[in-house]
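Novice: After the C-alpha cells below, expect a handful of questions from me.
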Amino acid sequence: MSDAVPQVGSQFGPYQLLRLLGRGGMGEVYEAEDTRKHRVVALKLISPQYSDNAVFRARMQREADTAGRLTEPHIVPIHDYGEINGQFFVEMRMIDGTSLRALLKQYGPLTPARAVAIVRQIAAALDAAHANGVTHRDVKPENILVTASDFAYLVDFGIARAASDPGLTQTGTAVGTYNYMAPERFTGDEVTYRADIYALACVLGECLTGAPPYRADSVERLIAAHLMDPAPQPSQLRPGRVPPALDQVIAKGMAKNPAERFMSAGDLAIAAHDALTTSEQHQATTILRRGDNATLLATPADTGLSQSESGIAGAGTGPPTPGAARWSPGDSATVAGPLAADSRGGNWPSQTGHSPAVPNALQASLGHAVPPAGNKRKVWAVVGAAAIVLVAIVAAAGYLVLRPSWSPTQASGQTVLPFTGIDFRLSPSGVAVDSAGNVYVTSEGMYGRVVKLATGSTGTTVLPFNGLYQPQGLAVDGAGTVYVTDFNNRVVTLAAGSNNQTVLPFDGLNYPEGLAVDTQGAVYVADRGNNRVVKLAAGSKTQTVLPFTGLNDPDGVAVDNSGNVYVTDTDNNRVVKLEAESNNQVVLPFTDITAPWGIAVDEAGTVYVTEHNTNQVVKLLAGSTTSTVLPFTGLNTPLAVAVDSDRTVYVADRGNDRVVKLTS
C-alpha cells in the first residue's frame, strides 16, 4: 500500500474500496463494501512497513482478538481482522457521533450533569476492558465519541495491550497524550489499569472546565506538573457552576500514587454522580436514558444513502450552525457518509432533512421539552475497538432516522406489565417466568439488579443480589431459585426467600449472555465471547462444553423437557438445536431470520425467538417448516423472551423500557 496513492476503486480480498476516509502514519482507512455480505464497512489497512513486522503483527492480532471480544455497549465491536496477501486489516462498523474534543473546542465546558453522564459511560467501557486484561492507555477527549443523543463510545484501542502479556509492547514507550498521562507513565514504574482511571479523571476535569488539567509551555513542564502539582479544582475555576464535591473526585482520580486512586473506573463514575446536586443527578440520569434508547434504535448500518446537509447538537453555549462541519484538525476520528439504519426490511425508514438544532442535554438542563428520540441528525464516524489512531478530517453528512412509533392502545391479547425501576440504561435485558406466574427482569446497567413482579401484583420487588455488573441472562427453576449472568463473567444464583447469593463454578466464561435451567437443575450458558454453550449439571463443580459447531456470537439458549438444547446463533442469522445426549446439530427452519437474540421453548416444543433488528418475535411449531410472526405491536429492540405453561409469551422490550406479554 502506498502512502501517497490511495487504492480507491480497487479490490482488497472481498472488499471493494469505495472511498479514502483517512490516512495516518500506520495506514489508511477506507469506506468499503464487503461483497460477501453486501454491506458498507470501515476498513483499516495497515501499511506494509508494519504489516511486514512480525512483532507488530503479533501485537495487533492479540489486541484485535482481545478487544474484539469486548461487547460492552460503549465499546464499538469489530467485525473482522486478519491478513490478505500479507497486509493486515481491521473491519469495523460505522457509527454516528463527534469527538468530545470537538464539542469542547466548539462549545466550551459541559454542564456537570452532562460531563458526569458521559464519564459514567466511558467508565463502563473501561471496566469491561480492564476485566479482560486490556488497558486502553490513551483515554482522552479525542478518543471519546458522543452521539447527538449523548450516547458515548470509547474508541481507538489500537495502542492498548493485554495487561497479562507486556512482551508484545516495547518497554518504556510513551504512548498517548501527555495531557492525560499518569505520573507512573513518566517514571518507569509499573503501569496498570489505574493509569486509565487517572486519564478519565483528567477528562472529567476538562469536561467541567474546558481545559486540560495542567497548562505548560513545554512537554518537560507538563510532565513535571503531572508528577508534582496538585490536581485542579474545577469549582475554583468555575465558581458557582461546578459543585465543590467534584473537586475531591478529581483529586482522588488523579492521585499521584496509583494505589490511592479509585479501585475502578466505575467507582470514579459513581463518586462523580454522588457529587452532583439532586437536580443535576436527575439530569444526568435523563441523559443516560435518552442516549441508551436512541442508540438501541440506531442499528449498525449495512448500505449507503444519499448525503444531505447536517448539523449536530452539541454542548455548552449554543447550538451549531446547520450544515457546519464539526471536525477540526485535532480530531482523531474519521467521518464517513451516512448509512441506512436497516437494509433488511426493518421498520426504520430513513430520509434526508434537518432536525432541531437545540442540544438534547441543553434542553434537559433548561427544563425544555426534548424532541422525540428519532429526530436526531447523524454524523457517521468510523471507530474501532481494536484500531490504531488514524487522523482524518472530512466533511460530514447525515439523515434522519424515524423511531418506530407505538401507541398505548394494546393489540388484542398484548399487555404492558406494571414494572417500575427498569427505565435506566439498557433495561430490561433478560426476562423469565416461574411456575406460579411471577415474572423476573434484569435491569441492565453499570450496576444492575433483578426485579420481580409477583402474580397479580402492581408493585415490583428488587431481589437481594449484590455486585451485579450489567446483568444479562435470566432463568428461574421449579423451586423458585433465580439465576443471572453478568459481565463479571459469572452465573449467580439466589434461592427463593434467601438473601445469600451463590456464584456457580463455571470456568472461563467470556461475556455470558443467555441462560437456561432444565428440569434436573442443570444450568446452560450461551458463552458469547467464546462462541460456545456450556452446561453445569446440578451439584457438579465441572462444566461441560456442548458439541455445537460453528457458533458466532450465540446470545440465547433454551432447553426443552426432553433435554434438547436450542441456541440463537446471532451473527450467523440462524437458530440451531442440539438433540439430547447426542452430537446431532440441526438448523431450525426459521424463515429469513436476522439477528436472532432471545429464545424460549414451551412444553409442546414450540420455539420462540426475538429478532433484534426487525423488532419481531417469531415462533416455530414443533415439526413445522414455516415460522410465524407473533402479533406484538410497537416493539423496539426486543431482547429476551420467555413463555409460561399457558403459552403466554413475555418479551423484554428493551428500547421501550418495558416488558410486554401476549396471551395465546
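Just so you know, glycine gets a Cβ as well, placed from its N, Cα and C.
Since we're looking at a predicted model, the values are computed, not measured.
Annotations per Swiss-Prot:
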BINDING   LEU21, GLY22, ARG23, GLY24, GLY25, MET26, GLY27, GLU28, VAL29, LYS44  ATP binding site
REGION    303-333  region 'Disordered'
REPEAT    540-581  repeat 'NHL 4'
REPEAT    582-623  repeat 'NHL 5'
TOPO_DOM  403-664  topological domain 'Extracellular'
TRANSMEM  382-402  transmembrane segment
Novice: What are the helix, strand and coil residue counts for the repeat 'NHL 5' (582-623) according to DSSP?
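Specialist: Tallied per class, the repeat 'NHL 5' (582-623) gives 0 helix, 19 strand, 23 coil.
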Novice: If you draw a 10 Å sphere around the Cβ of LEU21 (ATP binding site), how many other Cβ atoms fall inside it, taking every protein chain shown into account?
Specialist: 26
Novice: Of these binding-site residues, ARG23, GLY27, VAL29, which scores lowest on Cβ atoms within 10 Å?
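Specialist: Fewest other Cβ atoms within 10 Å, among the binding-site residues ARG23, GLY27, VAL29, is found for ARG23.
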Novice: Per DSSP, what is the residue count of the repeat 'NHL 4' (540-581) in each of helix, strand and coil?
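Specialist: Here the numbers are 3 helix, 18 strand, 21 coil.
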Novice: The repeat 'NHL 4' (540-581): mean pLDDT?
Specialist: 95
